[in-house]
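Okay, structure first, notes after.
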Amino acid sequence: AVCVSLLGAANIPPQHLNLYQFKEMIRYTIPCEKTWGEYADYGCYCGAGGSGTPIDALDRCCYVHDNCYGDAAKIRGCDPKTQSYSYKLTQRTIICYGAAGTCARVVCDCDRTAALCFGNSEYIEGHKNIDTKRHCQ
């Protein structure tokens, strides 16, 4: 099946919340039958918090994203969860704009890398809503 996205070549202006932008990136890269919300409680790292060893490639995407946000937070005044940025969705890829090393660009690159990783990783239904106390130590 072919998934047609109206976002395909749209320039997305900065939004007030980074979560909206990250959600749009995810929606652009994942299979049509999935929703971005299905990635919000997956494995040990996709969603709030995170601990233990990632359980698969998709969970590793979230682990890397969490660490990337941790690095971004070291930039003076940078809050990755609320930092907006400029980007473009085009030809099945994502382009981040802005000066290298700035909070906005670093956060955009974190989200871009994670979204593309999601699109290239298998989604295993049994890894959604797992008991993290049991599986993520």
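The backbone N, Cα and C atoms fix where each Cβ goes, glycine too.
Swiss-Prot annotations:
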type	residues	note
SIGNAL	1-9	signal peptide
DISULFID	C44-C136	disulfide bond
BINDING	Y45, G47, G49, D66	Ca(2+) binding site
DISULFID	C46-C62	disulfide bond
DISULFID	C61-C117	disulfide bond
ACT_SITE	H65	active site
DISULFID	C68-C110	disulfide bond
DISULFID	C78-C103	disulfide bond
DISULFID	C96-C108	disulfide bond
ACT_SITE	D111	active site
What other residues of this chain sit with their CB within 8 A of the center of the CB atoms of Y45, G47, G49, D66, the recorded Ca(2+) site?
C44, C46, A48, G50, C62, Y63
Near C117 (disulfide bond), which residues of its chain come within a Cβ-Cβ distance under 8 Å, counting only those 6 or more away in sequence?
A57, L58, R60, C61, V64, H65
Just the number: how many Å between the Cα atoms of C96 (disulfide bond) and Y45 (Ca(2+) binding site)?
24
Can you name the recorded positions among Y45, G47, G49, D66, D111 whose CA is within 10 A of the CA of C136 (disulfide bond)?
Y45
From C44, C46, C78, C103, C108, C110, the disulfide-bonded residues whose CA lies within 10 Å of that of D66 (Ca(2+) binding site):
C46, C110
On a C-alpha basis, identify the one among C78, C108, C110 that is nearest to G47 (Ca(2+) binding site); the candidates are the disulfide-bonded residues.
C110
Would you mind listing, in sequence order, the residues at least six apart from C78 (disulfide bond) in the same chain with a Cβ closer than 8 Å to its Cβ?
A72, C103, V106, V107
